[in-house]
Ligand code: F6P
């Protein structure tokens, strides 16, 4: 652990009795000084215990870790995903005018060509030139899981006000309930099925794709004609019988959880149209250029990352909550769970040694105000502080319902204020007294009504949830994960931790079918035999 880590820990220890409110009292400019703006986004990180000393140390930490050089290496197409020997270039998918060289070849002409083919195909579906056996496409079913599902599923919901194409549905779970519930009520003749899988081997996706194909074959003469494939293994898509004109490929330097910007975003493009999709890309590209060029002290992804490092690795808070006060960002916490936890949930550093600090935190959340009536009790009064990341748009998309939006925003601001301020014992007693409670009852209840406060939060404020703004937000979080990963010294772009369970599932499957399979523990054997008995 370097001296900077030690100084940060010491800085935190010295704060033991200080409150966030005291930082505001000591510095009348704290709100503006700890608010960073980029391209219309406003990031207020003043309601944290990061003071100027901690901020400077955190920036030193980023410098010491080589964030700037690593950032340049990523954008330049160097193979920074060292355990898989790959470049990391999801940024190239949204920088369509740029030029990036990998292994001596400019990869951008291929990126542009695929983007153009996707746009042409989306236009032909949306205007009815591409039709199913029963006529114009009314429904699109995206079959994929993880990064091949969460990005487009989250973004299609987020951009509902821009949705003017066919209805979109997302099937991910191998639980047959998912595909059964989705296909129920759809007309196979007017449905387009997208099989989205980077590897085109993922068991959940392949099983669902086969089921969809059987469903389609029951009423459509040429079911394969209504299938599309998105994959970086174009060869395997041919084995599934999908015509190459409807196969959209991408390179292995696009990680699954970073893939919504390219072919994996096709369902989103079909929903909102190529023009809105391009604005989504432009928002991400604008965040890319901010991230690439802004000094660390004014760099939004860097500062978001540093608040994360401060809260998790320095303060020791085990989780962080992402709380979008935007119902259409309902799936954002799930999307960020994969982005952050699959990227930085690792215990071995890039150099093969054990991490000497905690890996990335547990990320969770729900939209406000719903979460307030579910888990905020714990956030306010539980024993473990949960740093909260609020996200709010100043304007909704429903001008007739502006009063709803004002209430929504008021709740968001009130929560961050309440978390910081809390309510003292005296304040709780005064409130009860005002309500006419007698002394013995007041004594009995007072401590239950105390809020410790001093609970940190940040607020990301945008103007409105447009395609451009959504692109900015997602790129902001992608780069935040990258910066945290560099500071921790880990490779944020592999995901070996998902392999073991997948491999064992293949070995457990025979047990459930009553076939022999060696090497299982007594509990697993017992559960498998109980399931077999119950199934009869
Ligand atoms: O769960 C592991 C994972 O490899 C994710 O990283 C990925 O997004 C998901 O599975 C789906 O993979 P694929 O797109 O290859 O089907």
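In case you wondered, yes, glycine gets a Cβ from its N, Cα and C as well.
According to TrEMBL, the active site, proton donor annotation covers 342. The DSSP secondary structure for residue 342 (active site, proton donor) is helix.
According to TrEMBL, the feature active site maps to 373 (among others). Under DSSP, residue 373 (active site) is assigned to a helix (H, G or I) in the three-state scheme. Taking the Cβ of residue 373 (active site) as reference, no residue of its chain lies under 8 Å away while being at least six apart in sequence.
Summarising the annotation, TrEMBL assigns active site to 502 (among others). Applying an 8 A CB threshold to same-chain residues 6+ apart, the list for residue 502 (active site) reads 203.
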